[in-house]
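Participant: Straight from TrEMBL, here's the annotation block:
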type	residues	note
ACT_SITE	His176	active site
ACT_SITE	Glu280	active site
BINDING	Arg75, Gln93, Arg98	substrate binding site
Amino acid sequence: MMSSTTAVTAAIDRVPVEICKGINGLEKVVLREARGSSAEVYLFGGHVTSWKNDHGEELLFISNKAIFKPPKPIRGGIPICFPQFSNHGSLEQHGFARNRFWSIDTNPPPFPTNSPTKTFVDLILKSTEEDMKIWPHSFEFRLRVTLGPSGDLMLTSRIRNNNTDGKPFTFTFAYHTYFSVSDISEVRVEGLETLDYLDNLQNKQRFTEQGDAITFESEVDKIYLSTPTKIAILDHEKKRTFVIRKDGLPDAVVWNPWDKKAKAMADFGDDEYKHMLCVEAAAVEKPITLKPGEEWRGRQELSAVPSSYCSGQLDPQRVLLGS
Ligand code: BG6
């Protein structure tokens, strides 16, 4: 599992990013910020595999048994689910974007942003003839991965319908983020209480969440519907809170396989479910339809803030309602 140290530096827009060989020789892009935070993106899958804070601590979960061998998607980090979330359709589970080779987009169209951030990389995935056999649509998927000066990680997706036959297309989508947590039994998610959800463990039936913050003591696989733009994951033991801000992505999937499913996954350690939680900004319940020439945009921004919940320094309401 050693990464190659031969790094090539390429100037992409204003701040140079490193392009080097990662595990099994797969190409990856490394973003670094002056204060010490970093992120890594594999071209295979357009897949963020690492996000570290200023102290070099890894914030995303990657399985020790992850197989960096195409076409098997990488277990952990941030897989991109497109054009289908999970088994909600006739395509392979979570669509094909997570196991295609993306390219660096050297000349992306103007990217409207208020942010002065210069540390980013633009990737692009276009439909190939092979893809058209399973999903007969011409698309361009542009993904910008940005590392903010304070270490925040932003992913913005722009998906365009390039069909020349006049036909619209419809898709579902998710940023399947695996957060690294100290101990799943010490974690709570805030922002989803009282919402309706579809339970993947009960034939996608619809239920309503009770009033308390969400905690974990068994397998969970739920799609929360019409969620707020901000969701917080409080890691009591680590005294860290992840804040997810999202735009264009109304749903939020919460997944932890727990012990039995963990054992059934070849690329996941038996006990690793204790140290991860997926909270996925998604568009599932109401699929997105694009006419030819139309573009959709979906964005998530992740921050990790130190919290001392037990000593009352963190007011969860402020995390959720504040800026
Ligand atoms: C979650 C789904 O998003 O991804 C689960 O809700 C699924 O049902 C999980 O098991 C992992 O999927 P995969 O294909 O990466 O093993």
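Each Cβ is built from the backbone N, Cα and C atoms, and glycine gets one as well.
Note that the structure is predicted; figures quoted are calculated from it, not measured.
Quick one: how deep are these features, and who are their neighbours?
Facilitator: Its Cβ taken as reference, His176 (active site) is surrounded by 23 other Cβ atoms within 10 Å in the chains shown.
When Cβ atoms from all protein chains are considered, those within 10 Å of Glu280 (active site) total 27, not counting its own.
Look at Arg98 (substrate binding site): DSSP puts it in a helix. Every protein chain considered, the tally of other Cβ atoms within 10 Å of the Cβ of Arg98 (substrate binding site) stands at 22.
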Participant: Quick one: largest C-alpha distance among Arg75, Gln93, Arg98, binding substrate per the record, in angstrom?
Facilitator: 14
Participant: Select, from Arg75, Gln93, Arg98, each of the binding-site residues with a Cβ positioned under 6 A from at least one atom of ligand 1; if none does, say none.
Facilitator: Gln93
Participant: What does the structure give for the C-alpha distance between Arg75 (substrate binding site) and His176 (active site)? Integer Å is fine.
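Facilitator: Between the Cα atoms of Arg75 (substrate binding site) and His176 (active site), the distance comes to 10 Å.
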Participant: Fewest other Cβ atoms within 10 Å: which of the binding-site residues Arg75, Gln93 wins that one? Let me know.
Facilitator: Gln93
